[in-house]
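Read through the structure below, which is laid out as structure tokens, and then see the notes.
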Amino acid sequence: MKTGIASVFARQIWDSRGCPTVEAEVTLASGASGRAAAPAGASRGEYEAIDLRDGGIAFGGKGVGRAVDAVNGPIAKALQAVDARDQALVDSRMIEGDGTSNKSVFGGNATVAVSMAVAHAVADAEGLPLWRLLAGDRHVRIPLPEIQIFGGGAHAGRRTDVQDFMIMAPQAGSIRRALEITGNVYHAAGAAMEDAGLLAGTADEGGWWPNFDSNEAALSMLVSAIERAGYRPGEDVFISLDIAANELRSGTGYQLNLDGEKLSSDEIVDRVVRWSEDYPILSVEDPVGQDDTAGMANITARIGETVQIIGDDFLVTDAGRVAKAAEAAAGNAVLVKVNQAGTLTEARAALETARELGWATIVSARSGETEDVTIAHLATGWNAGQIKVGSFARSERMAKWNELLRIEEALGSNAEFAGAGGLPRRVGKEKAW
Ligand SMILES: O=C(O)[C@@H](CO)OP(=O)(O)O
Ligand SMILES: [Mg+2]
């Protein structure tokens with residue numbers, strides 16, 4: 001069989017934070033091949049797949065020899081001669097071989113690299129771009145991007161409590177135009193920071209280092225950067241926040257260091273609701289911690305009609321957690337990170353479950369990335385509607401944005417920008433700022 005897996009091989013490479021990660025190469029009997037690399041998170045949910053790192057830590061500068069060995073040993077053996085076109089079978093062989101619920105034997109960094117490399121090898125064998133292989137004959141839309149302008153939280157020495165200050169331009173009409181708008185806002189924000197004497201470099205994902213005295217100061221600066229770039233906040237360009245509140249947990253509440261306050265779940269929800277009234281915020285991710293279903297349900301009831309409420313650490317790309325959250329009306333969108341699940345099959349199941357429930361889906365990068373562009377293909381081929389990759393000024397991020405430009409070009413006159421259509425069904429109703 002030409003698409004039978006002939007070899008699986010891994011090596012250690014280095015990611016955008018200068019930390020080691022796993023790169024896998026898969027070759028089929030025909031000679032077709034695929035390559036993919038595992039990303040790595042810094043703000044990680046407790047329920048996501050474990051990255052194996054030598055020395056046992058989840059994030060940092062130690063090697064990934066154990067994960068590399070898992071690929072070159074048991075995973076390679078388990079996948080020998082398996083038909084690569086059967087992604088579900090490939091992934092279940094790894095899931096069964098690992099035998100744990102969180103991939104702690106092989107490492108999620110081992111399984112995710114192999115899972116994605118297999119998909120690339122099939123695309124090579126079929127002579128198709130990966131997005132087209134994944135989409136089949138189905139119509140796809142170019143995803144609406146969420147792009148970081150300031151990076152805070154765990155990505156900037158906890159300089160702001162909020163982790164990602166991002167923008168969205170649902171009316172842009174194309175990825176080409178959305179990126180142009182983002183570039184203009186990004187540079188305007190840098191110039192505004194310089195004018196205010198606040199320019200102090202960039203954070204982990206390339207957003208400006210957030211030298212602010214309050215979370216509100218960052219929000220105000222973002223609004224003025226949008227205006228300075230010549231756009232109308234709340235019309236052309238909206239704000240999207242990743243609070244990453246799991247990182248703020250302290251006892252039973254949440255510690256906001258910049259604002260010098262400890263808040264209960266109800267109080268942090270009040271705070272985010274107030275921000276959403278005072279600023280043109282269209283999307284909020286992880287406003288509460290990974291186990292705070294009541295808090296997610298509370299904020300969804302209060303602002304979910306007009307604001308997208310995304311679960312990241314709260315849902316960890318798990319179909320079961322998405323279904324439970326939907327039952328509790330806790331959120332209206334899921335962030336899909338393939339390495340939280342550990343395989344393409346499991347990540348896609350989380351995405352499909354959310355879609356069936358009328359939730360929005362956002363395919364996302366991690367804060368530690370490589371030149372791998374797989375997620376641009378997943379977001380398009382799975383018709384996710386949205387994509388989050390980090391900022392607009394570092395090559396591991398730009399590689400993904402630029403790949404989307406190529407995909408849009410390949411679609412030619414069939415290219416359709418998801419725009420506001422990528423938002424949850426309830427979001428996008430009239431709201432004045
Ligand atoms: O929280 C997130 O959404 C991501 C990307 O911003 O961060 P990390 O990869 O560190 O989890
Ligand atoms: Mg997040």
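Cβ atoms are placed via backbone N, Cα and C, with glycine included.
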Query raised in the report: Can you pick which of K324, K337 TrEMBL lists for the same (2R)-2-phosphoglycerate site as Q163, R366, S367, K388?
Result: K337
Report summary line: In TrEMBL, Mg(2+) binding by D242, D312 extends, among E216, E267, E285, to E285
**Report entry** Sparsest-packed of the listed binding-site residues (Q163, S367) - C-beta count within 10 angstroms
**Finding:** S367
Query - Using Cα positions only, nearest of the recorded positions to S367 ((2R)-2-phosphoglycerate binding site) (E205, E285, D312, K337) - result: E205
Query raised in the report: Where the criterion is a Cβ under 6 Å from an atom of ligand 1, which of the recorded positions D312, K337, R366, S367, K388 meet it?
Result: D312, R366, S367
Query raised in the report: If you measure K337 (active site, proton acceptor) to E285 (Mg(2+) binding site) at Cα, how many Å is it?
Result: 14
